[in-house]
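As structure tokens, the structure follows; a few thoughts come after it.
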Amino acid sequence: MKNWILVGVILVGFLLGCHPQESNGSATDEELKVDSTEVEVVETPDTISAREIVLSEDLLFEEYHLDTIYAYKDTTRSIKVGLIKEKLAFIENLEDEIGQWAVVENYRNANGEAPTVANYVRNEYKRVSDTLGVERYQSAPLYMLNDTTQPVLYARDGWLTHLLDSVGSYYKITPIRNDIGEFFIPKRYVRPLGTGKTFHKVVFVDRGDQNIVTTERVERGKWIIRSTNPATTGRKKPPYAMETPLGIFLLQQKKAKMFYTHDGSSQIAGYAPWASRFTNGAYIHGVPVNSPNGKIIEYSASLGTTPRSHMCVRNASSHAKFVFDWAPTDESLVVVIE
């Protein structure tokens, strides 16, 4: 009898012991089902702030170097490190966000004169421009997404844009300029730059303090100043001389000699050496030579003083050569600040 009782106790214990194991097994299966249906989340880099940008100096071009704060006449001027960091952080964050970059192209109206925008104005140069001051000449038309009968704004040649979609004969874009919105633009004015594009070389032109700074990225959030030099930007003097426009532009074209004409004439007046074009007819170049066959001039005392060019950014010719060799087209940006 005792033996039967013992056997009964063992059987009850065995059966009770099996139930927790079945319960645990069911929970594990359920967990596996949940895990198997989870969507893999692709981590995106956190946005980087201007404070997190590390900007150090390791010069590749040392001539005419400017300190962060330097004397000018009876005052001082500066390399705007804080503003440069802001722009570098902005560029890095855009690269993380944007799938495909593109550039607006219409140098010398090569892709066709843009139609007249609604509410156009005539500026001091008596040229048609939009309400934001962008001229029709050498620009591209921007249309509202719900109306492509007449453009509302112009996109400047060389503008960097975010290419969002392709719709018939238009691209849907967001110009990288003051968050002005999304627009349609005819495809002939846009050149896609591909996906995953990153820009490791950025040239800063300060039209306020008349200097130029070249920067190079070595890793995320870490940039190096490669040169700081005096420069001279464009001045506002109708009907020919214009200010160097503010904004973020793609370095588009290079010319060892950029020939220029006399104002109001087609006659060649001279050339500027080592020219790198970023918007319209605006180049980063060396000291102008007022003879088509003249020798290169290295430096001018007017560099770093006041705006005096037609739109271009004048440099010491050796520094223009440095930029020409160092910054590849379609891979480098020019950021004009003040």
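Each residue, glycine too, has its Cβ placed from N, Cα and C.
TrEMBL has this to say about the protein:
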type: DOMAIN; residues: 201-337; note: domain 'L,D-TPase catalytic'
type: ACT_SITE; residues: H285; note: active site, proton donor/acceptor
type: ACT_SITE; residues: C312; note: active site, nucleophile
### Message
Just to be sure I understand, if DSSP states are collapsed into helix, strand and coil, how many residues of the domain 'L,D-TPase catalytic' (201-337) fall in each?
### Response
10 helix, 69 strand, 58 coil
### Task
Within 10 Å of the Cβ of the residue listed as 'active site, nucleophile', how many other Cβ atoms can you find? Include all protein chains, please.
25
### Task
State the count of C-beta atoms found within 10 angstroms of the C-beta of the residue listed as 'active site, proton donor/acceptor', not counting that atom itself.
27
### Task
Calculate the distance in Å between the alpha carbons (Cα) of the residue listed as 'active site, proton donor/acceptor' and C312 (active site, nucleophile), and round it to a whole number.
7
